[in-house]
Amino acid sequence: MALSVIRNNHIIFVLKQIGVRTKHRENNNSKYVESFTCDELERYIYSNPDCTLFETLKDEEYYSNVRVFFDVDMDGRLDDKYQATHNFVNIITKFVADYAYNDCKMISNHRDKDKMITDMKSNFSITESTDKEKTSFHLIFFNCYTTLDTLINMRKKLIVLTKESNNRLVKAIDTSVYRHKPSLRIVGTKKDSINIHVHKKTKQNIHFKNYLFTYVDYNEEDCYYFVSEQQHQSPDLLNWKEEYIPFHDAIKKISKAIGNSIINLKDITAENFTVTPLDIYYATPCNLCKKVSHKHPHHLLISNDCIRIYKSGNPNSCKIKTISLEGNKLFSISQQIIDLNVINVSDRGEYLVWLKNVWRMCEDDNNITKLILYMRDHLSSDCTDLLLCPRNRKVIEHNLKDMLIDTIETDTYPEKLQFLNGVYDIKDSIFYQGNDAKKFVCTVSTGYKYEEGINVDDITTELMSILDDIQPKTKENFENRELYEQILSSCLMGTTKQCIFFFYGETATGKSTTKKLLKSVMHNMFLETGQVILTEQMDKGPNPFIANMHLKRVVFCSELPDFSCNTSKKIRSDNIKKLTEPCVVGRSCYSNKINNRNHATIIIDTNYKPVFDKVDNAIMRRIALVNFKTHFTNTKKKVHNSKYDFIKPLNESLDSKIQSNYFRYAFLKILLGWFSKYHVPNLRILPTPDKIPDFKFRLKVESLIIPSNSTHVKYVDKLMKLGYITDDDGIPVLQLNIFQQKLSLHFNVKLYGQDIDSFIMKNKKYMNLADEYMSFIFIEDLNTINEPRNT
């Protein structure tokens with residue numbers, strides 16, 4: 001434990017290989033460790049040019065003062081090494097000075113931060129790796145001292161600096177070296193026996209000792225020394241914190257650890273325990289090291305929320321015992337995580353975590369566990385070891401769930417498209433990253449990273465040519481092409497669509513190619529489902545097809561059956577209506593979540609014209625159809641088919657390009673352009689009932705007749721001459737058989753006889769038990785009786 005008064009250290013403790021075990025360090029096994037003065041160490045390296053040596057602290061509990069140091073490791077070389085290093089030193093010296101004066105206690109008498117920066121720039125050593133394939137060096141400020149715990153605390157802010165800085169060397173700083181038992185390769189030595197590269201001096205006039213971070217030669221006039229606030233107060237000035245276990249419980253743990261009787265135990269209080277030596281009566285050997293007794297007494301001190309029992313005199317002659325004072329450290333960790341606003345619960349009871357700068361949904365508990373491990377860089381250093389234990393992580397996980405009370409609304413940003421590295425605003429063309437994206441809580445992501453500024457102009461031109469073949473930009477196909485662009489670009493928007501869309505055409509007309517391109521762009525937001533969502537009844541029972549639609553932005557249903565077959569089920573009109581509602585009811589197996597938010601553009605890929613079990617105005621307002629009339633083939637035979645407008649050669653390499661996501665960013669760029677063209681400021685897609693054969697009867701009927709009402713009473717006398725009768729209210733109506741005869745004059749009975757009968761069955765009314773009538777008036781009859789008035 002470092003004290004407020006710094007003591008010099010001229011003995012360098014070295015490891016002779018990486019990963020020396022603790023027992024070899026403690027036993028001073030000369031095969032693995034050795035101690036040198038600076039001159040001895042320099043001579044040893046000169047005599048053993050192939051040696052591997054790493055300097056480290058021998059006993060951090062006893063002594064942990066070090067020089068401020070940085071380790072940089074980057075692949076590749078710098079074009080302007082001098083200027084890059086100069087900029088790096090400027091950034092780092094300011095960072096160290098800011099941290100020392102703003103977050104720490106400056107023990108030395110210096111109060112001028114600018115002078116400290118200037119002095120650091122004049123008093124540093126820097127090594128250089130002989131490896132020409134990488135940029136690697138150690139930077140040591142030999143006039144700037146601190147403690148290891150202070151460097152560990154500094155690591156959090158250094159991580160932030162490395163993430164936010166644009167300097168390549170700053171980004172390449174290895175922050176993992178700031179830990180307990182750190183080691184740094186000594187200048188002039190190899191990493192291992194296989195590696196031929198070493199770190200060499202860059203300035204021969206700088207003494208060898210100034211290339212060592214554990215060498216301490218402190219001078220109050222010329223050197224700087226700072227420690228963290230908590231460490232500066234420890235041990236004598238640190239008060240007993242409220243969150244610690246009760247003091248008498250701590251004394252009980254101390255007594256148990258000592259084993260022997262503590263004669264002055266009653267004299268020890270929370271105010272004096274750090275300055276009162278323990279008077280131990282050794283009835284049995286020491287419980288810590290098993291020696292018969294000790295000449296010097298044991299003492300207590302506080303460090304990192306722990307009581308440490310150490311022996312005065314030679315502290316290495318007895319083991320140091322550590323007793324935690326935290327009442328519930330795991331709960332404290334949970335509270336720190338909650339305060340960072342990185343975990344929430346949705347109104348569906350699903351947990352969301354902010355992990356690697358994106359919101360992720362926890363379908364199981366794996367993401368919460370990953371979050372806990374990921375937070376180790378954002379928690380205090382004494383918490384990180386606790387996170388390594390799986391049992392501790394499970395406790396923290398349950399704590400987090402129990403501490404979340406209020407649910408939050410999610411996915412309320414229809415114009416936001418989430419990627420793995422941020423959120424893209426498709427309306428304003430802005431890409432949000434990091435904390436800027438955090439406010440947009442989107443639980444479903446495309447599953448890949450957005451590449452900003454990527455040049456895809458050539459690929460876009462190639463892809464646009466393919467799309468122009470699938471849906472030609474001709475005068476005859478203008479409306480079809482426009483609807484095609486509107487539908488595809490609507491997939492980007494996370495809101496309920498007013499229509500279901502049919503892609504209708506023969507085989508090899510580009511429907512599947514369109515689907516694959518959409519899947520490449522939308523990826524995890526794309527769902528391919530079966531025809532059951534259209535033909536089977538939708539209820540609250542298990543329906544994984546519907547449950548998987550939750551928050552998806554594209555749902556593709558391929559290959560509807562041939563409706564001309566008697567065994568084929570027709571499309572249920574009720575299902576169409578439900579699929580255009582904001583909430584679709586259906587649950588996964590073994591799940592109670594039945595309400596699924598419907599943000600999808602639902603596209604039906606079919607070779608057969610759709611047929612519905614019933615047709616009304618509501619269903620006609622919900623259907624749009626795109627015809628695909630370009631046939632792609634490489635056959636040498638001529639293709640004669642009235643259903644094709646164009647015959648184009650088949651590109652056999654197209655599938656492999658799409659599957660490799662070759663067109664991903666190009667198609668995304670095209671979709672964004674179409675979105676701005678059609679859907680800003682509002683989403684706009686109109687139905688096309690006139691393209692659906694099943695709707696033609698209904699559309700024609702509506703152009704022939706109108707429902708009769710009280711406004712037609714004044715025409716009763718004239719209408720009765722045309723075969724009309726009156727109902728109980730005096731409103732003109734037609735007898736059922738006369739209505740059927742008049743309607744049949746406008747239709748081919750062989751084609752539409754069943755539709756006529758179905759319409760009559762649905763709308764007929766009864767005057768009495770025997771007489772049936774239809775409460776409609778033919779528009780042509782109204783025109784006939786009004787003609788004389790107009791003349």
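Placed from the backbone N, Cα and C atoms, the Cβ positions cover glycine too.
Owing to the predicted nature of the structure, the values given are computational and were not obtained by experimental measurement.
The following features are taken from Swiss-Prot:
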{"type": "ACT_SITE", "residues": "ASP174", "note": "active site"}
{"type": "BINDING", "residues": "GLY505, GLU506, THR507, ALA508, THR509, GLY510, LYS511, SER512", "note": "ATP binding site"}
{"type": "DOMAIN", "residues": "479-641", "note": "domain 'SF3 helicase'"}
{"type": "REGION", "residues": "346-471", "note": "region 'Primase'"}
Original post:
Taking the mean position of the Cβ atoms of GLY505, GLU506, THR507, ALA508, THR509, GLY510, LYS511, SER512 as the ATP site, which residues outside that list, in the same chain, have a Cβ no more than 8 Å away, listed in sequence order?
Top reply: ASN607, PHE628, HIS631, PHE632
**OP:** Please name which of the binding-site residues listed here, GLU506, GLY510, LYS511, SER512, is nearest in space to ASP174 (active site), Cα against Cα.
**Re:** SER512
Original post:
What is the total of other Cβ atoms whose distance to the Cβ of LYS511 (ATP binding site) is within 10 Å?
Top reply: 24
**OP:** Run through the Cβ atoms and count how many others sit within 10 Å of the one on GLY505 (ATP binding site).
**Re:** 21
**OP:** Quick one: average pLDDT across the region 'Primase' (346-471), no decimals.
**Re:** 90
Original post:
According to DSSP, does GLY505 (ATP binding site) fall in a helix, a strand, or coil?
Top reply: strand
**OP:** Using DSSP, tally how many residues of the region 'Primase' (346-471) sit in helix, strand and coil.
**Re:** 52 helix, 21 strand, 53 coil
Subject >> Under 8 Å by Cβ from ALA508 (ATP binding site), same chain, sequence gap 6 or more >> reply: HIS631, PHE632, THR633, LEU650
**OP:** Among the binding-site residues listed here (THR507, THR509, SER512), identify the one with the smallest other-Cβ count within 10 Å.
**Re:** THR507
**OP:** Would you count the other C-beta atoms found within 10 angstroms of the C-beta of GLU506 (ATP binding site) for me?
**Re:** 13
**OP:** Provide the three-state secondary structure of SER512 (ATP binding site) computed with DSSP.
**Re:** helix
**OP:** Ten-angstrom check, please: count other Cβ atoms within 10 Å of the Cβ of ASP174 (active site), all chains counted.
**Re:** 13
